[in-house]
Amino acid sequence: MKNVAVLSGDGIGPEVMEIAISVLKKALGAKVSEFQFKEGFVGGIAIDKTGHPLPPETLKLCEESSAILFGSVGGPKWETLPPEKQPERGALLPLRKHFDLFANLRPAIIYPELKNASPVRSDIIGNGLDILILRELTGGIYFGQPKGREGSGQEEFAYDTMKYSRREIERIAKVAFQAARKRNNKVTSIDKANVLTTSVFWKEVVIELHKKEFSDVQLNHLYVDNAAMQLIVNPKQFDVVLCENMFGDILSDEASIITGSIGMLPSASLSESGFGLYEPSGGSAPDIAGKGVANPIAQVLSAALMLRYSFSMEEEANKIETAVRKTIASGKRTRDIAEVGSTIVGTKEIGQLIESFL
């Protein structure tokens, strides 16, 4: 039995998760009997019910599962809590660390029908865009020790530590090279080797691994500031973009914006064993929660990534992705991706349309 922990969370999470599970079951067909979907509380709703953003029973549910399908967490209601008790820091970050979800895959796709939704000129986008940002997720300056604040007055200071081991760099680089082999066979590694010692080491390790195991894959390097510019002026040069944690955090958000809607973008966070957490790239959007207008496509595509990476069900994953493309081509859109001539529909209608193409 394939167990999936379903953590809908807060805001629009429950309503888009409902659509994703329905699409998932339709795509699986008779194979749905091989799956068990078990729900757990996480984030703000978990705080309200248990006092903790990641209750022990939810963590146990995840440990007994093969994958986590995650919605979104957070909202104004919980913003005044201590940082470690807030939904994202108290739930999502501990889940990543607990399961060693070191590889974050963030596709940034612009479908031809949606190229006018991008803030980037249509002549730059051409007939669409397909970039995969590969971000190291459990190391670097976000987790490095020591960190803290000391002193007082004009002598007060704060510090963080940016640190990477050879093992951490090699394992994320391997995922990038392996992903590139299934795409357009090109990796762009991002660093700041003209300033940072960790970046010098990062670049050295990536080059060594490339020569030893992946010489068939095209490899090039960009400083992070240049990469941020190139994503805007010439995004089609990229296939797989390999980044350490902080650089990947920034560049993946930039890449998501050039697609025109963050409501379209899924993500996968994977461990070495293949265990994964799958979630939309956007937030909980409390301002539109419960109104039936949220775009469920990112959650649906996250479910497709789960089938691909945690269960090796490529055919079913492709079916969902094809159904999403056909839905977009039909001209019916949620309001975040609507343009002149398209028909604006709600969350449930988009879900029904996706299912009609399965």
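Just so it is clear, glycine is given a Cβ too, placed from its N, Cα and C backbone atoms.
For the substrate site that Swiss-Prot gives as Arg96, Arg135, Asp225, the extra residue drawn from Arg89, Arg106 is Arg106. Rounded to a whole value, the Cα-Cα separation of Glu79 (NAD(+) binding site) and Tyr142 (site 'Important for catalysis') is 20 Å.
In terms of Cα distance, the recorded positions that sit within 10 Å of Arg135 (substrate binding site) are Asp249, chosen from Gly75, Tyr142, Lys192, Asp249, Asp253, Val293. Put simply, the two farthest-apart Cα atoms among Arg96, Arg106, Arg135, Asp225, the recorded binders of substrate, are 27 Å from each other. DSSP gives Lys192 (site 'Important for catalysis') a coil state; it is part of no helix or strand. In sequence order, Val224, Ala228, Met246, Phe247, Gly248, Ile250, Leu251, Ser252, Glu254 are the residues of the same chain, not among Asp225, Asp249, Asp253, whose CB sits within 8 A of the CB centroid for the Mg(2+) site.
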